[in-house]
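If you check Swiss-Prot, you get these features:
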COMPBIAS  180-196  compositional bias 'Low complexity'
MOD_RES   172  phosphoserine
REGION    1-22  region 'Disordered'
REGION    144-196  region 'Disordered'
ZN_FING   106-127  zinc finger
């Protein structure tokens, strides 16, 4: 058999009007060539040419598809040198990100003020009136309101209040005096002015 009689794939001889062969046709034709020991050289050339043509056509088809779909640049990849350059500018780390601390501000939902993040919790506590001092002020207001209402009841002749209400007022005055004495010592409790 000569090379002109052999079936080829579309790219084997370079002409576009040849009929593409299937793998079963290629295998069957190769088996026929192997039956005769004189044709082994021709069979090996045929097999090599068929495999080479198949690989080349596959690469051409894949490249054409990538070019038409716009993905051909993805084969080139990204140049490695530019991505791994270190930044040597002041106030930037090696990746070019700023190392300076940025002040974080929060907006108070109650009064719509900008407050530093570190001061947001204490501000919100005072702003909403929920802090320790605010609760003390609120309890004093309640005590004065109850005292005023009980005085009003006493003046009307109704004795609805109890003696415990008077005790609360008396004990709170005592606490104030004690706290004033502690503040005179300037917070020092070591020796209370005594020398050893």
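Every residue gets a Cβ built from N, Cα and C, even glycine.
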Counts by DSSP class (helix H/G/I, strand E/B, coil) across the zinc finger (106-127): 11 helix, 5 strand, 6 coil
Segment confidence, the zinc finger (106-127), expressed as mean pLDDT: 87
